[in-house]
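Visitor: Pasting the relevant annotations from TrEMBL:
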type	residues	note
TRANSMEM	A:7-40	transmembrane segment
TRANSMEM	A:46-65	transmembrane segment
TRANSMEM	A:77-96	transmembrane segment
TRANSMEM	A:108-136	transmembrane segment
TRANSMEM	A:234-263	transmembrane segment
TRANSMEM	A:283-301	transmembrane segment
TRANSMEM	A:335-352	transmembrane segment
TRANSMEM	A:364-382	transmembrane segment
TRANSMEM	A:402-423	transmembrane segment
TRANSMEM	A:443-466	transmembrane segment
Amino acid sequence: MLFTSFPFFILLIITFGLYYTPILANYQVYILVLASFIFYAFSEPILILLLIFSPAINIITSYYITYGSKFNKKSIAIAGVLAELGVLVFFKYSPLISKTFLNETDSIGLFLLTIPLPIGISFFTFEGISLVIDVYTEKYFDRKKYISYSFWTHAKNIYCFISFFPHLIAGPIVKAHDFLPQIQRKTIQTIDWQSAFKKLILGYFLKMFVADNLKDFTFGMGYPFFYTRSTIDLLVTVLGYSCQIFADFAGYSLIAIGLAKLFGYELMQNFNFPYISSSFREFWKRWHISLSTFLMEYLYIPMGGNKKGKLKMYLFLMLTMFIGGLWHGASWNYAIWGVFHGLALVIERFLGERIQLNSHFFTIIIKRMFVFTWVTFAWILFKLTDFSHVIDFFKTLAENRPFPATKLLIVYILLYSLPVFLYHQVYLLKDKKWLINIKKFDYYVYGLMLFLIITNAGSIAEFIYFQF
Amino acid sequence: MVVFFSYTVFLSFFPNIEGTQSYWQLNLTTAQKYLDNDSLQNIIVGSSLSTKILTDSLSHFFNLALIGQGVYDGLKVIKYKNNFPQNVFIETNYIDRPEKKDFQHTLFSPFAAFVSKNIPSLRIEKHPIPIIIKEMQLLFGNDRKAKKMSIQQMIAYSKQHKNDLLFDKKFKIEEAVYSEKIDSLALLKRLEELSFYVRFLKSKGVNVYFFEMPVNPKLVHLNKAKSIRMAMTDFIKKEKINFIQSDTSSYQTNDGIHLNLEESIKYTHYFKSQVLSMPHNQN
């Protein structure tokens, strides 16, 4: 179910009504789980089995780590993580394994190719893994505090944590230590309405006005359309796609955060104005924060982080980014995208230790532009999932210089990209007195955004990150 | 609310003002216009190829050809309307292209239908940004020049700005598409669907005609075109449907498949002459 679809609004209203009905206050968690299952199974009911099965692994393993024999805890934790990874690999990477390692006519290979990709699997399996590891390590909480002795209560809480519909299919990736402490009875009086609605309006605006409209123009970057586009058109389209992907995913995250607020839950900020980053390290602290912190906490640091010497640190960094890239999709292009970013991080660290750049205004501007350009060109690997097409794309960029630019396309892309740049610019100027004064009237801006959502939304499209 | 209300009032004073930014919006607007008009006698359904038929030269015609889509969406729109025209002309070039569910979902959604009928500012062709861009173009851009040009001047202008290199690139893509082997099972399924629509329309007293839009002669004998033509020949015989004979003369296109303005005029003349010789015009 899409956050922008009519059935979703019906589900939301009914769930909200039931959730805050005083007589049903003891069943709030059940209501959320039921609504989440409906949300997930709406377009493909069979998928509900996976949403029952995958968290069940986490429920059982986290319960036995907490209340089982103290000698087996490590083995259970490892088995739990491996089982969850197995689910992820089977459903997500089978086609890639088949294409890469097996013969086209091989019966196993053909079978693997037919396995469908369940929506949101990368998100909820990672959340399950975070539960098992958090419970095992007790790094963030005392396991007996949040793992109820009653198996039923425990199962109910974990299903709520993993299937909670605002974050279920495209994040933010919620960690067990962030969510479990929040499971308690909620009252309508505690809702921060203003904050929730601001997030929702901004989220819907980024998704429906910016991303969904840009989509009508950035399709020209896809195969085979790019062959006939002029170089200027392609460059502007790449810029537009960069804004589209931000608006799509940041928009989704803001909607998720706003919706969670309506039910009394706080989800972590997933995007913190990433396109103002003046370094790649900063970019990854601002872009898809829930994934980068997950990879940092559960992969990079456990591998050794920067504690085992520089060479190993570079290696761990590359490996983390490679896996992070592959997490995005079952195509080697995503892995290359991860390596592309990993390489940037490694080079930046290597050079950063040897060259000290001043922090002059123009130096920062140039660094920001460089990071933005690198990140933007890397998105081409997201749009074109066949690497030969990526090569062709760059060849076309060089070849199509004589073709005339399409003014209308450029105007539309720049116009719909403008809110993304303004959004970042406002953040950069946030401490300016004149802006603080203007911000008192920000409800006019939210009113305008609402007007544009209603009158100028693009055609409904799936969120780009759904495929991950 | 104030801005929204003001915009709605503004549109009620200027009901003819409209703009679209994408093929998707243009297709939805075209379909919506068809649904809103009850006095249409002749309907063309097809892909972007048929949008080149100039209906202002044909009396009582409505062009329901949808860019990037096939005939099934157009046929479904006709079926949905439940107020049937006298004649339906179906393009055969992309008969293998399946229907687009999301297009139909958007068009036929009861909520969207109600809203677009009653609140003009929520109609797709009334989106403020495309309207502003269109008006700006009319004031300052190429559209202002184009508006002042005669058809002959427009033809001369497009000839002057023809880019052979770009044409070659576009043609190569079409050549690759036309060389692909057709999925015969999928085509069979499409023909079953077509048969359903043809029988349905006939049962409602509608005359059904097929026609093939001319494309670059080099593409005519490639795999895809050949397979579709063969399948359609059998289909036409089986279903006993009238067919507008394909014009065998050579046509110039922008990319191998879409006629340029001069050729659109030429084909429209041909199409008109063929329509006039059709059985329904002989009575």
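Cβ atoms are placed via backbone N, Cα and C, with glycine included.
On a predicted model such as this, the values are computed, not experimentally measured, just so you know.
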Visitor: Counting only pairs 6 or more apart in sequence, are there at least 3 Cβ pairs under 8 Å between the transmembrane segment (A:402-423) and the transmembrane segment (A:234-263)?
Guide: yes
Visitor: Who are the chain neighbours of the transmembrane segment (A:335-352) in space, where the CB to CB distance is under 8 Å and they lie at least 6 residues beyond its ends?
Guide: 279-281, 284, 313-314, 317-326, 328, 374-375, 378, 381-382, 387
Visitor: Given pairs 6 or more apart, does the transmembrane segment (A:108-136) have at least three Cβ pairs under 8 Å with the transmembrane segment (A:283-301)?
Guide: yes
Visitor: Using a Cβ-Cβ cut-off of under 8 Å, list the residues of the same chain that are 6+ residues beyond the ends of the transmembrane segment (A:234-263) and lie near it.
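Guide: Tertiary neighbours of the transmembrane segment (A:234-263) are 3, 12, 16, 19, 32, 164-167, 170-172, 186, 191-192, 195-200, 202-208, 210-211, 214-215, 217-218, 220-221, 226, 269-271, 274-275, 288, 372, 375-377, 379-380, 382-383, 393, 396-397, 400, 409-410, 413-414, 416-417, 419-421, 463-465.
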